[in-house]
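What Swiss-Prot lists as site '5-fold pore central residue' is Arg192, Gly194, Pro196, Arg304, and the listing cites experimental evidence. The site 'May bind cargo' feature in Swiss-Prot is assigned to Phe262, Tyr273.
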Amino acid sequence: MTDNAPQLALRDVAARQLANATKTVPQLRTITPRWLVRLLHWTPVEAGIYRVNQVKDASQITVACSERDESELPETFVDYIDNPREYLLSAVNTVVDVHTRISDLYSNPHDQIREQLRLTIEIMKERQESELINSREYGLLNNVAPGQLVHTRNGAPTPDDLDELLIRVWKEPAFFLAHPQAIAAFGRECTRRGVPPATVSLFGSSFITWRGVPLIPSDKVPLENGKTKILLLRVGESRQGVVGLYQPNLPGEQGMGLSVRFMGINRKALASYLVSLYCSLAVLTDDALAVLDNVDVTQYHTYRYN
């Protein structure tokens, strides 16, 4: 149809002015599943302090097996370390400002205040997971015992390397934690050896496993110049593993350790909301965490088929 042809019916451009568009809520590309936060066991703390008491010297605790005679029984006691480590909750805070004119006029079909808070909370939770891994004070990578740090044999993460981690966290290991590129690199090494890893379904998603332990991806594990790390955790307080810490019963509580409080409206008609997220992490015993260092994710292999 040429531009000079007569119009015989209503056209699309004009018709769309009478139609309603179905609108999504704002999409945020940086949102991740945050598997680490889901898989950790979370412990409520009082007054924001968590003290990890430990036995001083287990080798000094003496017991005896009965010899069916009248020999004297040993006498013993369990001593504790004098200065146990205390973990303090860390806070992730921000203030969300929304102009009242915006929230009054443009909150249909999606509430502007709710969406502003939702997206802000998502960003804060992403930061929370990053801190659980990388924090200088309590992050996993900065709290691994020297004897629990393993180096790769040849750079690329091999089944032998992950076996070394399993040797160090052999008591009820829960999951490996690695950058997605590290998991892909491990998959390539398995394919090269002809031992494709099995898979398991968690939370409706599939994960590859090694020796029955799932490899959980997180883009918060550092990746620099093609090198990264792989972690292995045992989790839970009853297992003397790694536990997440949070403050319960917060004013304006919206979730575990999460608080949203209205701060008022200023003379510029800006409504302010204080959003706070309190959390930390504790490694209860040294053998609850091991790290594979110097993991090279840049190695690829060429396969020849006959």
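For all residues, glycine too, the Cβ spot is worked out from N, Cα and C.
Bear in mind that the values here come from a model prediction, so they are computed numbers and not experimental data.
Secondary structure at Phe262 (site 'May bind cargo'), taken from DSSP and collapsed to helix, strand or coil, is strand. In this structure the C-alpha atoms belonging to Tyr273 (site 'May bind cargo') and Phe262 (site 'May bind cargo') are separated by 5 Å. Within the set of recorded sites Arg192, Pro196, Phe262, the entry lying nearest in space to Arg304 (site '5-fold pore central residue') is Arg192 (CA atoms). Listed recorded sites: Gly194, Pro196. The one with the lowest count of other Cβ atoms within 10 Å of its Cβ is Gly194.
Proximity of Arg192 (site '5-fold pore central residue') to non-local residues of its own chain (separation of 6 or more, Cβ distance below 8 Å) is seen for His301, Tyr303, given in sequence order.
Taking CA atoms as the reference points, Phe262 (site 'May bind cargo') and Pro196 (site '5-fold pore central residue') are 53 Å apart. According to its DSSP assignment, Arg192 (site '5-fold pore central residue') is helical. Arg304 (site '5-fold pore central residue') carries neither a helix nor a strand DSSP state and counts as coil.
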